[in-house]
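Per TrEMBL, these features apply:
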DOMAIN    1-58  domain 'Fibronectin type-III'
DOMAIN    64-159  domain 'Fibronectin type-III'
DOMAIN    163-252  domain 'Ig-like'
DOMAIN    259-353  domain 'Fibronectin type-III'
DOMAIN    359-454  domain 'Fibronectin type-III'
REGION    455-480  region 'Disordered'
DOMAIN    460-557  domain 'Fibronectin type-III'
DOMAIN    561-646  domain 'Ig-like'
DOMAIN    657-751  domain 'Fibronectin type-III'
DOMAIN    757-817  domain 'Fibronectin type-III'
Amino acid sequence: RESDHRAWTPVTYTVTRQNATIQGLIQGKAYFFRIAAENIIGMGPFTETTKEILIRDPITVPDRPEDLEVKAVTKNSVTLTWNPPKYNGGSDITMYVLESRLIGKDKFHKVTKEKMLDRKFTVEGLKEGDTYEYRVSACNIVGQGKPSFCTKPITCKDELAPPTLDLDFRDKLIVRVGEAFSLTGRYSGKPAPKVTWLKDDVVVKEDDRIKIKTTPTTLCLGILKSVREDTGKYCVTVENSTGSRKGFCQVNVVDRPSPPVGPVIFDEVFKDHMVVSWKPPLDDGGSEITNYIIEKKDTHKDLWMPVTSSTVKTTCKIPKLLEGREYQIRIYAENLYGISDPLISDEMKAKDRFRVPDAPEQPIIKDVTKDSAVVVWNKPYDGGKPITNYIVEKKETMATRWVKATKDPIFPGTKFKVPDLLEGCQYEFRVSAENEIGVGDPSPPSKPIFARDPIAKPSPPVNPEAVDKTKNSVDLSWQPPRHDGNGKIIGYLIEYQKVGDEEWKQANLTADSCPETNYKVTGLTEGLTYKFRVKAVNAAGESDPAHVPDPVEVKDRLEPPELILDANMAREQHVKAGDTLRLSAVIKGVPFPKVTWKKEDHEVSPKADIEVTGAGSKLEIRNTVHEDGGMYSLTVENPAGSKTVSVKVVVLDKPGPPRNLNISDVRSDSCYITWMEPEDDGGSVITNYVVERKDVASAQWVAISSSSKKRSHMAKYLMEGTQYLFRVAAENQYGRGPYVETLKPIKAIDPLHPPGPPKNLHHVDVDKTEVSLVWNRPDRDGGAEITGYLVEYQEDGADEWTKFQTVPMLDCVVTGL
């Protein structure tokens, strides 16, 4: 069967030998075969070939290789190539065998390495001047085939040929941006030349856009999606040991220009036209700008109107404008390859440009004397017309009216000496500029100056002395200098020197940090002795120093604590609840004492804010409550002693609840209520008590007394049988305190007593074991209906009475006697 079919086809049934020839097979197809033995009983099992058998002619050695050629010759090597044989003998080529024969010798020698399948080989290590011929054979699994025809005799020597270059491009090439271009050509030379591409004398490198392809005979530089930067002079160099050739091409990648360079300058502005100018584009796109296109737009409208498209200059007159309207100008550059993006100007109003000059900047005042000053200013913008005059004005700082400094014109200088000032007065100055249109706004006023002669350095301070000291500081005091040098004293510089040292140290760096005539020098070392000196400073400089007469030893000066009480530290301080309690005192002492606040010999409440400064201390409690009352004490202590003051604080508040509320003497229409005064009267006399009652079935309390000063009250007008609750609260001048309430309801009924004795008890019948008794009702029932009568009997002479029966009526028969 064929290998791609399943059905078996019989070949013969009459074979008695152990072999058979199968006819009619197709060359190139694969087949499976099977054989079975047969006897008279029948056919046995088949035996099948294990793998398919391909039908083909018998395998021979390959034919001879073809086209054996010499590709290169040097003084010590030969490079050869060849093509495979036309017929491989029915089996794949497994290797090639290259052989050489030195001319003059008889034998060929093998020169290829083992198992070489390449069809190119370089024979190396030859001797210069020797002549060889070569042949090549192909091998398959059968063996080595016939050798190829021999080459011509080849002599080992360098083949030299100078480079040649044949280019496909001209000297110049113009390319649009975005398009691709390539520079191609052919070259030759022996030995094989090296090919180099340059652009503007820089080696061209390959990247995503630039591709360089070089074969043994052709060369190509290709650029995809060209950009303006690809413009330049390209050079290809073909070079070997015998010489070189070069080819050039000037490539110009052209595009539309970039926008004109701004800003748009408004050289002239009038009410009906403007003249604008601009700068050419930075990049003309590789082609000369042919013209500019100018458009205008009223900013109130969205429509751009053409002005001109034919100008080649970078300036243009914009005509036909409406006075007062604002306009924008749009400018395009154009070359052979397109129109640029636009340059758009700022908005500009169409109006005549000339106006009065601007106000000068604030003038500067120099060279002040008691009757004159020099005013200096910068020239302002002239409004489009030349400035012809400056007007300088003066006024006293406190005055409102400005006065011209001179009637004469001031021009062209920008400074003027103002005469006729009054000594000691303070002046301000201002300047206005004038052109043919008119006088512009005045400048801001100058800084005020006093008309006085220049100042000198002051004389030294007077009588410096040390007035106080601690372990690390000394307090100095002095009098101002007798002469201030006609200048205000800015302040004082204080210096100190440790006794024995030569260097004076500054206690303060700037004079204005000590404007007064006293200063505390800090940071000194305890136990050392220091000298001190003081200098006065004005605008002209520092005075000579004035020395403290004697050196000062730095140590604590001991003064016992002293308390100067404020009004809120009187013997007793009353504060209304909810208000703020403030206690304060001035504290003195050297060193400054330690401050302690206490209440009833305990720490004060955490809600109290305590502040201690170098001058005193303050205790403050906001939103006081009654519990904040008590005896407060302030203790100050230093090594020289201590001092304590106390103040009683009463926080005035509503009273507490009354105590021991009691209800007694209950009747059907009244009861008696008593109580005791509250434990806490809130710091104020209780003015009255409020008594209220409430029917237990009602939600509403009803006042039955609100002005009683007594601690009892008779509640009248109760309804018999109704249950009542009562409550009482105390009041003082700060309000009503909390109520105290009866724990359980009180029922309004008269009190009950036992009834009186029955009257007129006697028997009406007697038997041997029983007695019949009758009696009358008692005089009083005790306040409630009589529910029955208890009958008892006693044997005569006995101590105990025996209960017999309780009966509801006024008679009874006692039995069992």
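Glycine is treated like the rest: Cβ placed from N, Cα and C.
Taking DSSP states H, G and I as helix and E and B as strand, the domain 'Fibronectin type-III' (259-353) has 0 helix, 50 strand, 45 coil. Residues 486-487, 489, 492, 494, 496, 517-526, 530, 532-549, 552, 554-557, 590-591 of the same chain sit 6 or more residues outside the region 'Disordered' (455-480) yet have a Cβ under 8 Å from a Cβ within it. Mapped onto DSSP classes, the domain 'Fibronectin type-III' (460-557) shows 3 helix, 44 strand, 51 coil. Tallying C-beta pairs under 8 angstroms between the domain 'Fibronectin type-III' (657-751) and each of 1-58, 163-252, 259-353, 561-646 places 561-646 first. It is 163-252 that, among the stretches 1-58, 64-159, 163-252, 359-454, 561-646, forms the most Cβ pairs under 8 Å with the domain 'Fibronectin type-III' (259-353).
Mean per-residue pLDDT, taken over the domain 'Fibronectin type-III' (657-751), amounts to 92. Taking DSSP states H, G and I as helix and E and B as strand, the domain 'Fibronectin type-III' (757-817) has 0 helix, 29 strand, 32 coil.
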